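Here's the structure, in structure tokens; my notes come after.
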Amino acid sequence: MIKRPRRLRTNEVLRKAVRETRLSTDSLIWPLFIVEGKNIKKEISSLPGQYHFSPDMVGKAIEAALKADVKSVLLFGLPKHKDEKGSEAYNENGVLQQGIREIKQRYPQMQVITDICMCEYTSHGHCGILEGERVDNDRTLPYLEKIALSHVMAGADMIAPSDMMDGRIYALRSTLDKNGFTDIPIMSYAVKYASSFYGPFREAA
């Protein structure tokens, strides 16, 4: 597989985000949680000052981000319908896909990164397809590919897989390249910390 570091040099926002260590708003990414419905801006009790937004209200968060000179957001979707295969995750009209389109149509300068996982979308809450009582790693990969492709086709600038499936990066990169999205970067979730911060996140997502 060809390595393409040029992906990280395609625009000024991205170049500033990945350059050598420098403390500035260029390096900040604001996580946003998109829920189904209309006219929703509901505070997340475990994360004071953070909110669930419906797609039609997410513009308020983007305007606040841009005012604070934050140029990147990381989107998480929270659908009402969940099933064993997390089908809303790759629905072209799903809640996250709606949120992506809303942001990119109104604020094209905002860099939109999307979380690639299934736990928010599956009825059992696991990050993949279950086979009995275990997650079937290899059966899950094609679903992650569909999720990533649906996000990028909706307008996402970058994807960030958090699913922990073996082989996912090769699968996602191959699918993006095969469909003409060779310039879409994949952001690593490689560094994670044992922390109490994960508890509040689980309520948010």
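Cβ coordinates come from backbone N, Cα and C, glycine included.
Swiss-Prot annotations:
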type     : residues               : note
BINDING  : Cys117, Cys119, Cys127 : Zn(2+) binding site
ACT_SITE : Lys192                 : active site, schiff-base intermediate with substrate
BINDING  : Arg202                 : substrate binding site
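Sequence features, as recorded in Swiss-Prot, placed on the structure.
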{"residue": "Cys117", "record": "Zn(2+) binding site", "Cβ contacts under 8 Å, 6 or more apart": "Ala89, Cys127, Pro161, Ser162, Asp163"}
{"residue": "Cys119", "record": "Zn(2+) binding site", "Cβ contacts under 8 Å, 6 or more apart": "Gly125, His126, Cys127, Asp163, Ala205"}
{"residue": "Arg202", "record": "substrate binding site", "Cβ contacts under 8 Å, 6 or more apart": "none"}
Any further residue of that chain within 8 Å (Cβ to the Cβ centroid of Cys117, Cys119, Cys127) of the recorded Zn(2+) site: Met118, Glu120, Tyr121, Thr122, His126, Gly128, Ser162, Asp163, Met164
Arg202 (substrate binding site) in three-state DSSP notation: helix
DSSP state at Cys127 (Zn(2+) binding site), helix/strand/coil: coil
Neighbour tally for Cys127 (Zn(2+) binding site), based on other Cβ positions within 10 Å of its Cβ: 20
